[in-house]
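Residues or ranges marked as active site, proton donor/acceptor by Swiss-Prot: 21. Annotation comment: Swiss-Prot describes 21, 22, 23, 24, 25, 26, 52, 53 as NAD(+) binding site, evidence class similarity to another entry. Sequence annotations record features per position, and here Swiss-Prot assigns FAD binding site to 52, 53, 81, 111, 112, 113, 153, 157, 158, 159, 160, 175, 182. Residues annotated as substrate binding site in Swiss-Prot: 113, 193, 285.
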């Protein structure tokens, strides 16, 4: 979806929205850290996020890779910067074609900084001289597909500022006229360069309106994180620093925490003044850090740390090809990125109902599904590379996770227990102690308010429902006992399968069971998660593979722990268990005498 359309929707609803900017890190570790941070920040619901192109066009390939992952794995509406620096038109078209094929619809068109080693911008052979040329090219070749954003400079472009007094009236006027040319050529949104004098920004907005620029103008807010970085950035951008800011920073400039605290306070006050004028969109330059940006938003009341709203139980996709998707099998609830990667390229995505899962084919398992960020890999190494001498040791690892003693699991891309799991964590601990090793679960919910902090989704005003669900590994002996006990509980349905495909079930092979649904004003029933027998047989390969590629691999070759884990992998069954009585049922009753 185009960012301009999202901004217009928010304006029509009277909502204030915000967005974040990131830049490509220089190291693989930095990239892993960025995506972990981005996942946390995106949970707060930014309107979009953008990724920079890099000084002198130095990060072109990395920017394309990051933009793709942001749009399709992080599931946030993504705007990619695109500059003219070192970019002949063929390269520009390659970049645009790539992001279009990846479902990205938003571009920030810039001239770009001078190439490395040069003081002034140099037009590359076969390339463009300015952002206006780039905007014209995008509109001419790609029509209305892309939403195009351009940069606005409240104090004029740095190249137009020749003295410490700022741009001359003529230079400022010329810069505004050029901005209007970019908008007239097809840009539909303006994001400003950083500023610290709010009055300068508000004057800039008014001046734009006076010359006929009518599109939204979004203020770019850069929190002050450290004193030296602040001086470097404002010097590079030739940004005016009000005397009161200089006076406030001088006595604390060597105290980094005090500078950050002041930066949050200053950013908050700037945003309050801007919002008071009726502007409803804020863009935060994060510098790949989260605390200051989130601190400002919390101070403004735009986010709450303890209350993160969800439009669905899983983060909805933003890729233009799958934006209507609203139904998924529950099996990948803790591995959403793996699910996305295995369903890329489907011609259609389920909307309204799951339908026939045998129609689209899931992608084959690859190393991608088992790679993990360095930080998560390190945490798994610390928490799960504990010697395994018996099956009881395995049970203890799973119990510790359910008790919150561990914050990672080989079967989850998420951090720790999810809020709804904590409702049933005592029962989960008990069945894990008995050898039913849980990897996915949800409690029964009967008409809980949709804004509940533990089980809510879909926004305020609705009610949500869930059938109790468990997914676990267990031995054949335990499975036989459970199947026998379940005969006394007619509301229980199950599917069980081992690594080799031997299976047991009390439901048809093509059965689809909605296990989560919501009722909202003026809408049809929404049922975002299902138990689908056919998809479970696809998921089981991935679930069993994690025993070796997610856990056993943490131990050295030849380690006895690997042997025990291998035996469990080859002999245990994966079980999906649903209690269809979400009003009076008790999913855990069948386990009590086992």
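Each Cβ is built from the backbone N, Cα and C atoms, and glycine gets one as well.
Structure coloured by features recorded in Swiss-Prot.
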| residue | record | Cβ contacts under 8 Å, 6 or more apart |
| --- | --- | --- |
| 21 | active site, proton donor/acceptor | 49, 50, 51, 52, 220, 283, 284, 285, 286 |
| 22 | NAD(+) binding site | 34, 38, 49, 50, 51, 52, 66, 286, 288 |
| 23 | NAD(+) binding site | 51, 52, 54, 59, 287, 288 |
| 25 | NAD(+) binding site | 31, 33, 34, 288 |
| 81 | FAD binding site | 50, 51, 52, 53, 63, 107, 108, 110 |
| 160 | FAD binding site | 153, 167, 171, 172, 174, 175 |
| 182 | FAD binding site | 109, 131, 132, 135, 150 |
| 193 | substrate binding site | 151, 152, 153, 154, 155, 220, 237, 239 |
### Reduced DSSP assignment, residue 285 (substrate binding site)
strand
### Message
Please give the substrate site's span as the largest CA-CA distance among 113, 193, 285, to the nearest whole angstrom.
### Response
18
### Message
The record lists 52, 53, 81, 111, 112, 113, 153, 157, 158, 159, 160, 175, 182 as binding FAD. What's the largest Cα to Cα distance among them, in Å, rounded to a whole number?
### Response
23
### Task
Quick one: of 24, 112, 158, which of the binding-site residues has the smallest count of other CB atoms within 10 A?
158
### Query
For the substrate site given as 113, 193, 285, which other residues of the same chain have their Cβ within 8 Å of the site's Cβ centre?
151, 194, 220, 237
### Summary
Largest C-alpha distance in Å for the NAD(+) site residues 21, 22, 23, 24, 25, 26, 52, 53, as a whole number, is 16
### Task
Could you state the whole-number distance in Å separating the C-alpha atoms of residue 112 (FAD binding site) and residue 24 (NAD(+) binding site)?
15
### Query
If one looks at the chain holding residue 26 (NAD(+) binding site), which residues at least 6 apart in sequence have a CB under 8 angstroms from its CB?
none
## Note on the structure
Integer Å value for the Cα distance linking residue 158 (FAD binding site) with residue 24 (NAD(+) binding site) is 23
### Task
In whole Å, note down how far the CA of residue 113 (substrate binding site) lies from the CA of residue 24 (NAD(+) binding site).
16
### Per-residue Cβ crowding (10 Å cut-off), top of binding-site residues 53, 153, 285
53
### Query
Around residue 52 (NAD(+) binding site), how many other C-beta atoms are within 10 angstroms of its C-beta?
18
### Query
Taking DSSP three-state, what's residue 21 (active site, proton donor/acceptor) in: helix, strand or coil?
strand
### Query
What is the total of other Cβ atoms whose distance to the Cβ of residue 113 (substrate binding site) is within 10 Å?
18
